[in-house]
Amino acid sequence: MKWEGKPKHGKEVKPVLVIHGGAGIMRNDTPVEEQEKYRTALRGALKAGHAVLSAGGEAIDAVAAAVSFMEDCPLFNCGHGAVFTREGKNELETSIMLSKPPASAAVPIPPTRRGISITLIRRAKNPIQLARALYLSPQATPHTMMSGTTAEELGTTCGGPELMDPSYFWTEKRWKEHRRGLGLPEAPLPAGMVGAGEDAGDMMVMPKGTVGAVALDARGCIAAATSTGGLTNKIPGRVGDTPVMGAGFWAEEFEVSGWLRRKLHKVFKGTTKTGLGISCTGDGDYFIRRSAAATIAHRMKFLGQPLSKASKIVIEQLRQDGGMGGLVAVDLAGNAAFPMNSPGMYRGIITEEGVPKVAIFDFEDLA
C-alpha cells in the first residue's frame with residue numbers, strides 16, 4: 001500500500017525501521033563467519049522494510065516485509081526456522097499493531113481496531129502476513145486474537161499466506177536442538193527429512209527468542225510486528241507474549257500529558273501528540289506478567305518519561321523478576337531504543353539514508 005499526502009503533524013516525519021531477531025545467551029566462541037551470516041540476514045531484513053518506506057509505503061507493509069524476510073530465513077526462531085514443542089511439532093505465533101489505521105487500506109479500518117494476533121499456527125508459510133491480512137479485513141473477523149486452523153483458513157479468504165504442509169517448518173538444526181534439550185539422541189532423523197532445511201549454526205543457547213520490527217512512516221504512523229516459534233520444547237498449546245497485546249507488542253498515539261509538557265512539545269515538535277511502537281523478545285512469561293510493552297507506553301503517557309528511560313526501567317524490572325530479554329522500539333519523533341538485560345540481541349536500524357546498521361552482542365554499537 002502506498003500513501004500519498006502530507007503528515008498532519010507540524011514537522012516532517014523521517015521514516016525509520018528497527019528490527020530484532022531474538023535475545024538471549026550468545027555463544028562467545030561462535031566463528032566470525034557464522035556471526036556474519038546473522039549480520040547479513042539482519043541487513044537483508046532492514047533493506048526489505050526500507051524498500052517499502054523509501055517508496056512512500058506505509059509502516060504496516062514495511063514491518064511485514066522485514067519480518068517476512070526473517071521468517072523465510074532458517075537462522076531465526078520463526079517461520080521456516082521455528083523451534084519445536086516437546087512433542088516435536090511447530091506451533092507459531094504472530095502479531096501486528098498500529099498507532100493509527102493505515103491510510104490506503106482497501107476498506108476503512110476503525111481506529112479502535114488497533115491490532116490483531118494469532119497463536120497455534122501450524123501451516124501459514126508467513127505468519128506475519130496472516131496477521132496483516134486479518135487486520136486489514138475487519139469484515140472477516142472483528143476479533144483481537146485468534147488461534148489455529150480457523151485463523152489460518154480464514155486468512156486464505158482475505159489475501160493471507162499460502163498454507164504449507166507442516167514439514168515446511170522442519171529444519172535439521174532445530175530438530176537436533178529439540179532432541180538434545182530432551183536428552184535424546186540426535187539420530188536417526190525422521191523418515192524423509194534427511195538433509196531438509198539449511199543446517200546453519202546457532203549463536204543462541206536453546207533459542208527462545210522472536211523476531212520483530214517497528215517502523216515509523218512518513219505519515220507518522222507506527223507499526224509493530226512480531227513473529228516467533230516460541231520456546232524450545234515448550235508444552236504443546238503454550239501461549240507466549242508474542243500474541244498478547246500489551247505484553248510482547250504495542251503501538252499507540254496519544255496526547256502528551258501535562259499542560260507544560262504539552263506546550264513545550266508543541267513548540268519544539270510541532271504537535272501535542274506523541275506515540276510509540278514496541279516489539280519484545282525473550283522470556284515471554286515474564287513479559288506477560290509485567291504487561292511489559294504497555295507499561296512502557298504508560299510511563300511515557302502518564303509520567304512523561306522519554307522512550308529510552310521508560311524502556312530501560314521495564315527491562316530492568318524484568319531482570320529483577322528473573323526474566324531475560326530485550327525489545328526494539330520507536331517513538332513518533334523517530335527516536336529508537338534497544339534495551340536488553342541479556343548478553344546479546346540480534347538487532348538493527350535503518351533510517352532515510354538507507355544504510356543498515358546491525359549488532360549482536362550487548363557490548364556492541366550498531367554499525
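One is the number of the first residue shown, and numbering goes on along the chain from there.
For all residues, glycine too, the Cβ spot is worked out from N, Cα and C.
Taken straight from TrEMBL:
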| type | residues | note |
| --- | --- | --- |
| ACT_SITE | T210 | active site, nucleophile |
| BINDING | R238, V239, G240, D241, T281, G282, D283, G284 | substrate binding site |
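For the pair T281 (substrate binding site) and the residue listed as 'active site, nucleophile', the Cα-Cα distance reads 5 Å. Note on D241 (substrate binding site): other Cβ atoms within 10 Å of its Cβ, all shown chains, come to 32.
The number of other CB atoms found within 10 A of the CB of R238 (substrate binding site), across every protein chain shown, is 16. Binding residues for substrate (R238, V239, G240, D241, T281, G282, D283, G284) extend across at most 16 Å, taking the greatest CA-CA distance. Spatial neighbours are here defined as Cα atoms within 10 angstroms of one another, and by that definition the neighbours of T210 (active site, nucleophile) among the binding-site residues R238, V239, G282 are G282. Under a cutoff of 8 A between CB atoms, and with a sequence separation of 6+ in the same chain, the neighbours of G240 (substrate binding site) are E93, T210, T228, G230, L231, K234, G248, G284, D285, I288. Of all the recorded positions listed here (T210, G284), the one with the fewest other CB atoms within 10 A of its own CB is G284.
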